[in-house]
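Chemist: The annotation domain 'Deacetylase sirtuin-type' is assigned in TrEMBL to 1-242. If you look up TrEMBL, you'll see 22-41, 100-103, 186-188, 212-214, A230 marked as NAD(+) binding site. The feature substrate binding site is assigned by TrEMBL to Y66, R69. TrEMBL lists H118 with the feature active site, proton acceptor. What TrEMBL records for C126, C129, C146, C149 is Zn(2+) binding site.
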Amino acid sequence: MQIPSELKERLTSSKKILALTGAGISAESGVPTFRGKEGLWKEFRAEELATPQAFSRDPHLVWEWYLWRMDLISTKSPNSAHYSLAELEKKKSDFFLITQNVDGLHARSGSKKIIEIHGNIFRTKCTGCKKTFSSQIEELKVSFKCKECASLLRPDVLWFGETYNSELLNESIHLAEEAEIALVIGTSGAVGIPVELARIAKSNGALLIEINLEKSAYSSLSDYFFPGKAGEILPELVSYFS
């Protein structure tokens, strides 16, 4: 992989680094993407199940789908791209990661400074008392009821039609405004907010580096585009940070 000398210099000198990751980075670990044929389950599309309306109509069906996904994700492991970002966090004290993924693979790879902008599939939120819990799959297979108030639990993830957590969104915007380098990894830009974060970073002077299998909604903003798998590109790129 050819890395221009001027980029190497920026990687070395920059302090505030922001990474934006999407489904592509986890697809390299074998996690199916949310969209397209891979998103189908029992002939349902993800967009038909990941909504407040679907949960209201048939919470057991929606939970069946999420438990299937949780079981599947539990068999997967972080890949070299996840581990490279965890290594970058150790190198740069002002590094932060914003992920659209709900699979928890970044945390499992050792990353600690993470904003899970779309939530985490292994957390639940009570529809009654609003408390959040770290939930085990086996517990959920027995009961979807809150231990505190006995109301129905739901996955602590952002569903279609819901608004972003304002605290997480505001923190993400602040990080984008402050970033000197923004890494865009494995995300198509199909969801609007992450693209907007990239725009904010770019408009505030950040260098935008994109790693994707193909061009995306981010590409018109990108200063550097590296086509290919993040697990192959990121380890070398991260080696130039110091």
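Just so you know, glycine gets a Cβ as well, placed from its N, Cα and C.
Each of these features: where is it, how hidden is it, and who are its neighbours?
Modeler: Classification of G22 (NAD(+) binding site) by DSSP places it in coil, neither helical nor stranded.
Less than 8 angstroms from the CB of Y66 (substrate binding site) sit I121, P155, each of them six or more residues away in the same chain.
Taken residue by residue with DSSP, H118 (active site, proton acceptor) is part of neither helix nor strand, so it is coil.
Shown in sequence order, C126, G128, C129 are the residues of the chain, 6+ apart in sequence, with a C-beta less than 8 angstroms from the C-beta of C149 (Zn(2+) binding site).
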Chemist: To see if you understand the setup: which same-chain residues, six or more apart in sequence, place their Cβ under 8 Å from that of S26 (NAD(+) binding site)?
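Modeler: The list for S26 (NAD(+) binding site) reads K76, N101, D103, L105, G186, given in order along the sequence.
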Chemist: Specify all same-chain residues, apart from the site residues C126, C129, C146, C149, whose Cβ lies within 8 angstroms of the center of the Cβ atoms of the Zn(2+) site, ordered by sequence.
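Modeler: Going along the sequence, the neighbours appear as T127, G128, K130, K131, K147, E148, A150, S151, L153.
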Chemist: Relative to the Cα of R69 (substrate binding site), which of the binding-site residues G22, G30, Q100, C146, L213 has the closest Cα?
Modeler: G30
Chemist: Any idea what the Cα distance is from Q100 (NAD(+) binding site) over to H118 (active site, proton acceptor), rounded to a whole Å?
Modeler: 5
Chemist: Which residue, out of the binding-site residues C126, C129, C146, L213, shows the minimum number of other Cβ atoms inside 10 Å of its Cβ in this structure?
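Modeler: Per-residue Cβ counts within 10 Å for the binding-site residues C126, C129, C146, L213 bottom out at C129.
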